[in-house]
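Asks: Submitted below is the structure of interest, expressed as structure tokens.
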Amino acid sequence: MAAINVIFISGAIALFALTGSCSESTNPFTNKPYATQNPYSPPQTNQPTKRPYQPGPAPTPAPYIPQKTNPPTKRPLNPTPSPTAKPPSENSESENSEGPVLIEEDHFTVDANFKCGIPPVEPDLKKGKIVGGAEAVPNSWPYAAAFGTYDISGGKLEVSQMCGSTIITPRHALTAAHCFMMDPDIDQTYYIFMGLHDETTYKGVRPNKIVGVRYHPKTNVFTDDPWLVYDFAILTLRKKVIANFAWNYACLPQPKKIPPEGTICWSVGWGVTQNTGGDNVLKQVAIDLVSEKRCKEEYRSTITSKSTICGGTTPGQDTCQGDSGGPLFCKEDGKWYLQGIVSYGPSVCGSGPMAAYAAVAYNLEWLCCYMPNLPSCEDIECDESGEN
């Protein structure tokens, strides 16, 4: 099994996207960040990657796989120009132009003295269609953070949201590895944007620079296989996240415990809504979980809950482009737990049969290696190989 790959970030260049073409790097630094992960190399035939197309009711359809210049449908957005200025909250600190700004110790101790999974405002669970455009109550999902680059135009901060992410500790967020499929060596400068609700105003938004990315060692994102497994990336944040009314931490689930089939969980994001409105605000969708057996029947016989869980059987209720890496939250004992990471699904959002999510509960042995003193990790033995 390949060693765990950690990619440290420096510099600022143009944004890539998984639904558009990849622009050439403009990294001003001569020393490229270290990485051992091979970049994605698609075959020469038409093939795609994320959210493979599912024609009709056939249980095991042949996926269509796009070329690298015509990337996957699940779920980042379009490329943007290089940033021209720092976000307001970053201006007070100088950047290290000689290399990445990183904590010295990779296996560092996380301040575990915090509460998780309790929002300052209760979400309205009576509505829920991302594709249908149901807006979330502001501050009701404070663990969700947009992820991408930024620009400043006319003195106004403009976020180029590419994926979603979830804050899980004061120094970490979790997203999908395939969000970096077109930029595996991390040639750009990325941020998570905490407290974001409306992308047209960015009122109260706090950018937090991503200074490290760690892929799951068993992910196949950077291979030719269109059926993603272990679609995880841990994001290390430059600034400590201090919880407040606008941002907070999601709870990690109990190890190897997934809610039963039929449980209603929730996914949130800023993804597109198929021209149904609400593209600029945080939206939410109700997702009913399905069994591993049904997930195998709809997608691939080798799917296992160790890497993937599935859900979302109601027509028209789905995540969509721009929601990749975002959360699947399930509520238990009054708290919200991060059970899944948005990975792939039907190429036409909401058309069925269901979406696939990276399974958090079965990957805590790997995840907890890098935040061992979290309450959720106390009794979990670290396994850096990702074997679960």
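Heads up, the Cβ atoms here are built off N, Cα and C, so glycines get one too.
On a predicted model such as this, the values are computed, not experimentally measured, just so you know.
From Swiss-Prot, for reference:
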REGION    29-98  region 'Disordered'
COMPBIAS  29-49  compositional bias 'Polar residues'
COMPBIAS  54-64  compositional bias 'Pro residues'
DISULFID  C163-C179  disulfide bond
ACT_SITE  H178  active site, charge relay system
ACT_SITE  D231  active site, charge relay system
DISULFID  C265-C330  disulfide bond
DISULFID  C295-C310  disulfide bond
DISULFID  C320-C349  disulfide bond
ACT_SITE  S324  active site, charge relay system
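Describe each of these features in terms of where it is and what it packs against.
Replies: When secondary structure is read from DSSP and collapsed to three states, D231 (active site, charge relay system) falls in the coil class.
Applying an 8 A CB threshold to same-chain residues 6+ apart, the list for C265 (disulfide bond) reads P259, A286, I287, D288, L289, G311, L328, F329, C330, K331, Q339, G340. DSSP assigns C265 (disulfide bond) to a strand.
Sequence-distant contacts of C310 (disulfide bond), defined by Cβ-Cβ distance under 8 angstroms and a gap of at least six in the same chain, are L289, V290, R294, C295, E298, Y299, I303, M354, A355, A356, Y357.
Annotation note: S324 (active site, charge relay system) sits in a coil segment as assigned by DSSP.
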Asks: Using a 10 Å cut-off, grab the number of neighbouring Cβ atoms around the Cβ of C179 (disulfide bond), all chains included.
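Replies: For C179 (disulfide bond), the 10 Å Cβ neighbour count is 31.
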Asks: Give the distance between the Cα atoms of C179 (disulfide bond) and S324 (active site, charge relay system), rounded to the nearest whole Å.
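Replies: Counting only the Cα atoms, the answer is 7 Å.
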Asks: Could you check which of the recorded positions C163, H178, D231 is the closest Cα neighbour of S324 (active site, charge relay system)?
Replies: C163
